[in-house]
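Heads up, the thing below is written out as structure tokens.
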Amino acid sequence: MSETQDFAALEARLGHSFADRSHLVLALTHISSVKGQAVRVRSYQRLEFLGDHVLGSVVSHMLYAAFPKAEEGELSRRLAELVREEACAEVAQDMGLGPYLRLGPGEAQSGARQRRAILADVAEAVVAAVYLDGGYEAASALVERFWRGRLEAPRRPLRDPKTVLQEWAQARGLPPPVYRDVERSGPDHAPRFRVAVDLPGLECAEAEGGSKQTAQKAAASAFLAREGVVTESGE
């Protein structure tokens, strides 16, 4: 699409009319289409960084309100599911971003408009663009519009991270993970537990929770996240 492309249809899908459309244009600009110096500044990469954090904040608030009985470990797993690359790429497709991407000739010919990693990055960049143009409330409305259905009906069942970690260790010929208590703090009526999980030859991971079980799950999640392992089934 040319730079004079009328973005009215896209803005209608997003539910936001830009006061400064340059934010939207930048969010759709891949590094391959930028020439000269400071290419990373004039592509969506900085917006992607901001959008990742804005998206995480809004989705965290949504989860906190939607699941009042959920403990922090479950909320963290749900958050990871909702902001993972595949989910963001699906949102980008729902937004209809592909045809609007500004790509270099090589990327355009290689099918980049359908590439999951690029679509996921652009979805986050668009969140940031709306945030910069209309503030947190506008960004929240955008996230609500495209992520709410995924929050209420998760596409993938969530798995216990302790089970996933044990399977991961077994597949690598390692013994079962060992969980050890590190610290107990707080009053008796609201204790906090810090737990570490150990596997031979690997750095331990620590996490806190309101119970030992919650802390163990959080520690397992932290370990898996560090190793790049996803805890949802179907991977």
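These residue numbers are counts, starting from 1, taken along the chain as shown.
Heads up, the Cβ atoms here are built off N, Cα and C, so glycines get one too.
DSSP assigns ASP52 (active site) to a helix in the three-state reduction. Annotated active site per Swiss-Prot: ASP52 (among others), in sequence order.
In the three-state DSSP scheme, GLU124 (active site) falls into the helix class. The active site feature in Swiss-Prot is assigned to GLU124 (among others).
According to Swiss-Prot, the feature Mg(2+) binding site maps to GLU48, ASP121, GLU124. Sequence-distant neighbours of GLU124 (active site) (same chain, six or more apart, CB under 8 Å from its CB) are LEU47, GLU48, GLY51, ASP52, LEU55, CYS88, listed in sequence order.
Summarising the annotation, Swiss-Prot assigns domain 'RNase III' to 7-135 and lists sequence analysis as the type of evidence.
Here Swiss-Prot flags 160-229 as domain 'DRBM', drawing on sequence analysis.
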If you count other Cβ atoms within 10 Å of each one's Cβ, which of the recorded positions GLU48, ASP52, ASP121 has the most? ASP121
